[in-house]
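Trainee: According to Swiss-Prot:
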BINDING   Gly110, Thr111, His112, Gly113, Lys114, Thr115, Thr116  ATP binding site
Amino acid sequence: MPLHIHFVGIKGTGMSALAQVTAHIEGAHITGSDVPERFFTDAVLERAHIPVLNFSAANVEKADIVVASAAYGENHEEIARARELNIPVYSYPQFLGRLMSKKRGIAVAGTHGKTTTTAMIGLALLQSGIDPTIVVGSDVPSIGGNAYSGQGDFFLAESCEYRRHFLNYSPEYLIITNIEFDHPDYFKDLDDVVCAFSEIAQKIPPHGRIFIWHEDPQRKAIQAQSPIITFGLNEEADVYATNIQFHDEGSTMTIVAHGTVLGEFHLHVSGKHNILNALASIALCLEIGVPTEKVLESLSHFNGTKRRFEHIGQNAGALIVDDYAHHPTEIRSTLEGARLSFPDRRIRAVFQPHTFSRTEKLLQEFSQSFQAADEVVIAEIFASARETNLNTISASSLADLISQQGVNARYIHSLEEIQTYLAQTLSPGDLVLTLGAGDIYKVGQSLVC
């Protein structure tokens, strides 16, 4: 009899991806439960023939293993019932670590760029015939969703530093896209974040490899027993890009790896940050034996992932784009990328701050992140379910600070009011860019309906 593995909160992006690859790797019977509200992952789970039930303690009674989303605590009826029956309960990172241990792991970590870099590598490996297993934190059209169950030796996974979750993994290869202070509800300061990345770097075996951004100020703090390969825009990096030209369809550049010119490369996603994501992907793929021409060709066809500078549509000659950026560096990079690709458009950024703790701790950094925008609209803060203190900072104070930086900024309380304001003020040539990890994407969708 195959194992029966039940996923509590299966509609989450990570959980739905994990459920799909579990069915393949474990040869298990998979069930899941979640709220009735429909998400994009419903279609993913339907295609995988994974049943999704309403929450009920009875759902776990015949399960051999329960995997629980971080969104639900020990008091949840299904988790509590599993504990009563002595059924093993895994967290998402614990179970991902279990699956990765069965293959050659590739972990993509870093404060920013994890999803895009994972998706880029996944596409390159698939198109080169390596056939990896992939778990990624977004819908990626080029790999057919947020997961792929391959027959090959490699297990590629987006790996988050929050609460040191990635220490549950034992990868052979590790990418660190960048290291910055984030998740202030867990990490004390930047040193604490660096310590976490050092801890996972030390888990990489001597025969493995670590790939890290050459220009990262924290790079030299990472100590490891395995060789470290650098990527960046500096010629001192092991893998770097030169002769970079930006245009409205992305960028063109020359790739150099370990002193050898690999050739010209076309990237169809905008911004310097995506060039760095591509360089990390190229460095990794070359190291594991993917032919140069396969790497460059496959990445030249990469068109992005859901909620990463995703083109939603147009309205009255205005372009509507959505992005998941919710950290000051991500916002700055996304807006600067938009300015490079669309120099003649009026850029109207609509930002929904994500969590009170992040907004409070990084308030000054946020206020200085919108210089590339012509106008900024700040929505109400999107609170995390794990937050208890919701009165530490206000969204209107962030709008005021942005205005003090010389940027036209305003606070508008509700998404409905923002939709109305934008609909009434759209002009041909505008670029409306919604930013945030909450539900701000609904604004862009409403403008193209």
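Including glycine, each Cβ sits where the backbone N, Cα and C put it.
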Trainee: Note the Cβ centroid of Gly110, Thr111, His112, Gly113, Lys114, Thr115, Thr116, the recorded ATP site, then list each other residue of that chain whose Cβ lies within 8 Å of it, in sequence.
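Mentor: Everything else in range on the chain: Val108, Thr117, Thr177, Asn178, Asn277.
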Trainee: So of His112, Lys114, which of the binding-site residues has the fewest other Cβ atoms within 10 Å around its own Cβ?
Mentor: His112
Trainee: Using a 10 Å radius around its CB, how many other CB atoms surround Thr116 (ATP binding site)?
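Mentor: Around the Cβ of Thr116 (ATP binding site), 30 other Cβ atoms lie within 10 Å.
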